[in-house]
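A quick write-up on the structure given underneath.
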Amino acid sequence: MQLSVWTYEGPPHVGAMRVATAMRGVHYLLHAPQGDTYADLLFTMIERRGCRPPVTYTTFQARDLGKDTADLFQRAARDAYARFDPQVMLVGSSCTAELIQDDPAGMAEAMRLPCPVVPLELPSYSRKENWGAGETFYQIVRHLADRDVRPAPHEGRRPLANILGPAALGFRHRDDVREVRGILATLGIEVNCVAPLGGWPADVARVGAADFNIVLYPEIGDSAARWLEREFKQPRTKTIPIGVGATREFITEVAALAGVDPTPALQDGESRMPWWSRSVDSTYLTGKRVFVFGDATHAVAAARVAHEELGFEVVGLGCYNREFARDVRDAAKLYGVEPLITDDHLEVEDAIAAAAPELVLGTQMERHIAKRQGVPCAVISAPVHVQDFPARHSPQMGFEGANVLFDTWVHPLIMGLEEHLLTMFREDFEFSDDAGASHLAAHSPSRHAERVSASSAPRAPAIQEEDWPPEQVRGDDEDTLWTAEAEAELKKIPFFVRGKARRNTESFAAEQGRAAIDLETLYDAKAHYAR
Amino acid sequence: MKADAFSLPAESGCAAPPEREVLRERGQREVFCGLTGIVWLHRKMQDAFFLVIGSRTCAHLLQSAAGVMIFAEPRFATAIIEERDLAGMADCHEELDRVVDRLIARRPEIRQLFLVGSCPSEVIKLDLGKAAERLGAKHAGQVRILNYSGSGIETTFTEGEDACLASLVPVMPASAPDTAPQLLLVGSLPDIVEDQFLRLFAQLGIENVGVLPARTADGLPAVGPNTRVLLAQPFLGETAQALEARGAQRIDAPFPFGAEGTTAWLKAAAQAFGIDEMHANSVIAPGRERAKRALEHHREKLAGKRISFLPDSQLEVPLARFLATELGMEPVEVGTPYLNRKLVARDLEQLPESTRISEGQDVDRQLDRVRADRPDLTVCGLGLANPLEAEGLSTKWAIELVFSPIHGFEQAGDLAELFARPLRRRDVLQV
Ligand code: SF4
């Protein structure tokens, strides 16, 4: 048994739902108890979908066990077919149904439904959401891809590509697809099929017509793409176009696969990120310590952008999906950090505290951790939150994606010029320490906000910001080591680096075995940590 | 769906006058399971920890139902059963002991621990009663360890609270047979609401009042033949039964929503304690007047509007009663996951004849009815709200009715506001 408070990933059948919901003409019959229907709200509330996910739950109850759960399943299958008229039906079990062993696959087959049925075996007690999504998409492709459909002769037609991997509840998948389509259009490459997102079963059946596959999210698209590579001899892309450098490499890779000239797409006049990063205001970004955590694909990509394109120092890198841990291990070597492969958020919290970063790039989970630790944070990866589905176009991929990364990562950090002003005018009464930078309200842990206890009502509606229970507030009154003089000096240090100065000084003092922290210790520590 | 969907036998043992016709459905249900109650119970019981023994799905449900209330270490967690645990039962119990020992060592402030069963733990027949006994003996003096089931195959949404409170009943101390009559307020309420009620009981002259659940482990009230139970929530059937089995008597009353519901509820309590009626009226009057004034604002907006409830919390019947009799709304369909005729009798009898009552669920058919009825407002779960809005039907999230303070005089206006806001918003928006 694993003790878990918050999880990065749901069970594998939620991954299957992300695929089914993304596609059109697909219905998923899930053998599951009533409580599992909570998963619908992920799609309707977080992603704000205006349709219910195409999922029928059998919602068997205790009184059905041992007599007619199988019957219930078959009735639900018949009803779902009659009502939703799907072109393809996925059938499978959730964790509970897996234990009662009703064999949905066999039952569905025996029923001879008038549409293709794709049985899903998603082991709930060993696998998780991303794996479930990848496996589901792979099974759909395997079952539906028509082996007789192959690329037409090259003469007289444009190159043809599939875009694989985007799904429902993905981090900015909708916008990434638009960016990548734009790149392909510039290169004169046509799109054969985008799946799962927006794809029909008929599109998947014709997947073989494309010359090659573009895999945007390996967590979801890789198994299918590898199978297509083996069975259909379709090559696949390996670069994830997040960041300017990776987008350039992606364009070059795609152009090579298509046999076209990459130049038109490489000269994108809308790519502002390189200049924004070179302009003098960005000088203060140099060497900012950044901790990166997310799914492997987004984490590795973010670390590269942070390091190469913003001049940050990567002080931590990790992912929660073990299946892709190798990529993270390789990348961690580049930055000389220990890779953190874990799905235990408490471990991540400790690692972040130990690394003392100035910026966290993570998931919603890290956003909360960072908030508690008073560190700015930007979200780069699922698991997602309603805020991660902005109304505006806000991709991560392509040149526009890189522009977005610059804005969203740099915004939480204090702006360069403002940083100087704060230091200069710190003593002025208008610049009370507690105020912080004007745009930083959401990120700076003002003492006042921390002390406000949870609202008087013990209940909070779902899908709203958390309130902070008083028991979690960290006090910093227990520092008896500090002399009054040193404490006063510490207060003169700008608030946005004060936490780090305090931590560094304390660990220095502990290392050195000093009994008290006086002015001497403070400045010795500063010298010790000077880079 | 075939006719057999309606073939469940009528509830027996209820000798009430002409029974109201109820549409009974059995198909896909779209409701949370009882685990969800942990989200509010752990806030109410401040030294309690809720340990679900379940799957990754259970952990994910709790997280999703709690929204992103991500506390550093909330007082609930899931012991996720893994493949190797399924190999043998002995293993599972050992694992559970290990998890619990570590938990108790890590959280020394915990005084009560609930082992909460889930569908997987029930299907593999993991005996949590035995585990609670074993672990309770081991940690005796430090932590009270109890168990209940919040599984989706046994419990629907608020029934998790019912199961939790029922598990507390056997450990409630016995009140001496010769003690003065005691009022037991049952059902978890936000502290602010609970305190309002306690003040009113004191003013009425009811001195000996216990509350279940108590805010801390040592506040667990006594129970005995002198106990009069006043339910604050309609979904506490099992708890009420367990209390009755210990000699307590339930006070029959409508539920305390709005000016009238709260008045009748308080008066029923006053009557059970032989409080002089004049005195009771004078205590109740100021709150009642305030509530009526607060409702007046909303009446204009809500009167004549048609409303349907999809089954969710079992609060549906009392809330529909409130909206119908105090705000002039017209309940079209009132769906409830389970209709406890006895407990909601006083509210049910006040619903208009024309209101369709449905019990259980077949979500697709129910949505067909909503589309045909086209009510002005539909109260439904989070999974259904946006899809209905997208079809042009205004909705109210049912879960907010469980998470917000809505009981009593002082909250009557807020309760009406919850229903009025979506309608007002619809009128205001010009996009
Ligand atoms: S319905 Fe059962 S399996 Fe699903 S979350 Fe609830 S207890 Fe867990």
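Keep in mind that glycine also has a Cβ here, set from the backbone N, Cα and C atoms.
Automated prediction, rather than curation, is the source of TrEMBL annotations.
DSSP assigns A:ASP281 (active site, proton donor) to a helix in the three-state reduction. The feature active site, proton donor is assigned by TrEMBL to A:ASP281.
Long-range Cβ contacts of A:ASP36 ([4Fe-4S] cluster binding site) within its own chain (separation 6+, distance under 8 Å): A:HIS13, A:LEU30, A:TYR57, A:SER94, A:THR96. Under the three-state DSSP scheme, A:ASP36 ([4Fe-4S] cluster binding site) falls in the helix class. The annotation [4Fe-4S] cluster binding site is assigned in TrEMBL to A:ASP36.
Feature annotation from TrEMBL assigns substrate binding site to A:GLY416, A:LEU417.
The compositional bias 'Low complexity' feature in TrEMBL is assigned to A:452-462.
The feature region 'Disordered' is assigned by TrEMBL to A:440-477.
The Cβ neighbour count for A:ASP281 (active site, proton donor), using a 10 Å radius over every protein chain in view, is 12.
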